[in-house]
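S.K.: Take a look at what Swiss-Prot says about it:
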type     : residues  : note
ACT_SITE : C58       : active site, nucleophile
ACT_SITE : C61       : active site, nucleophile
ACT_SITE : C402      : active site, nucleophile
ACT_SITE : C405      : active site, nucleophile
DISULFID : C58-C61   : disulfide bond
DISULFID : C402-C405 : disulfide bond
DOMAIN   : 25-140    : domain 'Thioredoxin 1'
CARBOHYD : N38       : N-linked glycosylation site
CARBOHYD : N273      : N-linked glycosylation site
MOTIF    : 505-508   : motif 'Prevents secretion from ER'
SITE     : G59       : site 'Contributes to redox potential value'
SITE     : H60       : site 'Contributes to redox potential value'
SITE     : R126      : site 'Lowers pKa of C-terminal Cys of first active site'
SITE     : G403      : site 'Contributes to redox potential value'
SITE     : H404      : site 'Contributes to redox potential value'
SITE     : R466      : site 'Lowers pKa of C-terminal Cys of second active site'
Amino acid sequence: MAFKGFACFSILLLLSLFVSSIRSEETKEFVLTLDHSNFTETISKHDFIVVEFYAPWCGHCQKLAPEYEKAASELSSHNPPLALAKIDASEEANKEFANEYKIQGFPTLKILRNGGKSVQDYNGPREAEGIVTYLKKQSGPASVEIKSADSATEVVGEKNVVAVGVFPKLSGDEFDSFMALAEKLRADYDFAHTLDAKFLPRGESVEGPAVRLFKPFDELFVDSKDFNGEALEKFVKESSIPLVTVFDSDPNNHPYVAKFFESPATKAMMFVNFTGATAEALKSKYREVATSNKDQSLAFLVGDAESSQGAFQYFGLEESQVPLIIIQTPDNKKYLKVNVEVDQIESWFKDFQDGKVAVHKKSQPIPAENNEPVKVVVAESLDDIVFKSGKNVLIEFYAPWCGHCQKLAPILDEVALSFQNDPSVIIAKLDATANDIPSDTFDVKGFPTIYFRSASGNVVVYEGDRTKEDFINFVEKNSEKKPTSHGEESTKSEEPKKTEETAAKDEL
């Protein structure tokens with residue numbers, strides 16, 4: 001009887017331990033939590049670690065958290081294990097690391113190698129499976145060696161863009177230059193190398209040192225023997241983009257679209273209705289123009305109007321203008337041809353190159369009435385209100401969807417009312433999502449961004465607290481004509497400055 005009791009006790013104990021083990025496994029966090037006390041030490045111990053810079057109030061961070069944890073769990077069993085970590089970059093004690101790594105929005109992920117000596121932006125997916133696949137590739141060699149025809153077929157494939165270096169030996173200046181570029185661009189491009197060009201699946205055998213870039217479009221492969229660092233990088237980047245990038249709903253085209261918009265070249269974009277009667281004729285003529293201008297530092301894209309709503313919103317375009325061509329230069333000047341016809345494409349490009357096409361400015365209409373305390377500025381009125389008015393102007397660049405901008409609006413109204421009897425001061429706002437901004441004067445990377453331009457033209461960014469009294473003090477200090485006295489100041493707002501919303505990109 002005693003034995004049976006002991007047996008029952010043993011079974012219960014084992015079950016308890018088993019359940020406890022399961023619960024422990026369920027509650028275990030695989031993402032390392034870093035702060036100012038352990039950040040440097042932890043990074044220095046890892047040859048490869050990913051760090052998420054986040055803020056607790058950031059909605060995108062909250063959405064990423066469970067996917068990041070799932071990925072960390074799976075990668076913990078990788079050989080060798082890959083570490084994922086996070087740090088609250090909004091915490092005052094941790095802000096030194098946010099500054100060190102130039103964090104401008106949340107979440108931002110960085111890949112740190114060699115104990116933090118090498119830093120790379122994470123540009124991969126934001127769901128668990130994609131994170132795992134991306135990081136497994138990133139943790140491997142920057143360039144894989146091809147030792148057989150079978151391995152070459154596997155690496156190059158039919159749909160991959162791969163730069164393959166061919167060398168007589170795996171050493172020397174050319175090899176070192178190639179490997180350095182592979183390491184630099186490993187996040188966005190695939191690299192391989194071989195001692196025998198006969199393994200390569202396409203093209204005649206090439207004598208090394210040389211680089212053959214394989215691609216599933218246009219001429220299918222292209223060679224280069226220039227191993228100068230800048231020239232080699234330019235070759236890889238430019239050769240990896242189709243002569244004419246296609247922007248539609250096909251996910252296979254999306255990586256090329258991303259590379260197109262990342263290119264520093266002048267970008268020519270034609271948007272048409274792909275199912276329209278003249279679509280094929282338009283695309284054919286556009287490709288002819290692209291072919292004849294391929295050496296003119298122009299990148300070409302043709303987009304289906306139905307799949308390009310984001311581009312339409314960004315450039316301020318209307319569907320009634322389709323088919324259209326818009327050109328964007330590296331200094332952000334834009335040139336627009338709306339309702340273009342087949343026989344106008346070639347001549348319009350010639351006019352553009354001859355400097356005969358006027359710059360297009362994205363702008364909302366100038367408001368018929370502008371009687372509110374905070375004056376509405378649009379691109380077309382920016383010169384008159386800000387640059388040529390001879391006034392001291394505090395201007396907010398905002399986005400309608402930005403929560404911080406919405407909270408700031410009533411405060412700026414109060415500031416404007418306090419200066420209503422001072423004709424030398426203007427408090428203004430501009431919707432930066434609907435109007436072009438002169439980037440050489442105003443550097444707008446997040447919302448809200450606030451600038452002050454004095455009556456004589458001195459421009460300074462506002463970096464103070466977002467309270468009525470702080471704004472008033474700032475304007476009085478920087479104005480070149482002393483404003484009159486103002487009303488009683490309100491109590492300071494407790495809302496801290498945050499930059500979850502970023503203008504340059506959607507963090508997810």
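Every residue gets a Cβ built from N, Cα and C, even glycine.
If you look at the structure here, what lies around each of the features I listed?
M.R.: A 10 Å cutoff on Cβ-Cβ distances gives C58 (active site, nucleophile) a total of 21 other Cβ atoms nearby, all chains included.
C61 (active site, nucleophile) falls within a helix when secondary structure is assigned with DSSP. Using a 10 Å radius centred on the Cβ of C61 (active site, nucleophile) and all shown protein chains, the other Cβ atoms total 24.
A helical conformation is recorded for C405 (active site, nucleophile) in the three-state DSSP classification.
Note: the domain 'Thioredoxin 1' (25-140) comprises 50 helix, 26 strand, 40 coil (DSSP; helix = H, G, I, strand = E, B).
Within the same chain, residues at least six positions away from N273 (N-linked glycosylation site) with a Cβ under 8 Å of its Cβ are A279, D304, A305, E306, V322, P323.
Its Cβ placed at the centre, G59 (site 'Contributes to redox potential value') has 14 other Cβ atoms within 10 Å.
The Cβ of R126 (site 'Lowers pKa of C-terminal Cys of first active site') has 17 neighbouring Cβ atoms from other residues within 10 Å, across all protein chains displayed.
Cβ neighbour count for G403 (site 'Contributes to redox potential value'): 15 (other Cβ atoms within 10 Å of its Cβ, all protein chains included).
Around H404 (site 'Contributes to redox potential value'), a 10 Å sphere centred on its CB holds 19 further CB atoms from the protein chains shown.
Counting every protein chain shown, 20 other Cβ atoms lie within 10 Å of the Cβ of R466 (site 'Lowers pKa of C-terminal Cys of second active site').
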S.K.: Ten-angstrom check, please: count other Cβ atoms within 10 Å of the Cβ of N38 (N-linked glycosylation site), all chains counted.
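M.R.: I count 13 other Cβ atoms within 10 Å of it.
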S.K.: Of the recorded positions listed here (N38, C58, H60, C61, R466), which is spatially closest to G403 (site 'Contributes to redox potential value') when Cα positions are compared?
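M.R.: For G403 (site 'Contributes to redox potential value'), the spatially nearest of the recorded positions is C58.
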S.K.: So for C402 (active site, nucleophile), how many other CB atoms are inside 10 Å of its CB?
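M.R.: Cβ-Cβ neighbours of C402 (active site, nucleophile) within 10 Å number 20.
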S.K.: Hey, how far is N38 (N-linked glycosylation site) from G59 (site 'Contributes to redox potential value'), Cα to Cα, in Å?
M.R.: 26
S.K.: In whole Å, how far is C61 (active site, nucleophile) from C405 (active site, nucleophile) when you measure between their Cα atoms?
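M.R.: Roughly 20 Å, rounded to the nearest whole number.
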S.K.: Distance between R466 (site 'Lowers pKa of C-terminal Cys of second active site') and C402 (active site, nucleophile) at the Cα atoms, whole Å?
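M.R.: Checking the Cα atoms of R466 (site 'Lowers pKa of C-terminal Cys of second active site') and C402 (active site, nucleophile) gives a distance of 15 Å.
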S.K.: Given H404 (site 'Contributes to redox potential value') and C58 (active site, nucleophile), what distance in Å do their CA atoms have, once rounded to a whole number?
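M.R.: The Cα atom of H404 (site 'Contributes to redox potential value') is 12 Å away from the Cα atom of C58 (active site, nucleophile).
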S.K.: Give me the CA-CA distance between C58 (active site, nucleophile) and R126 (site 'Lowers pKa of C-terminal Cys of first active site'), in Å, as a whole number.
M.R.: 15
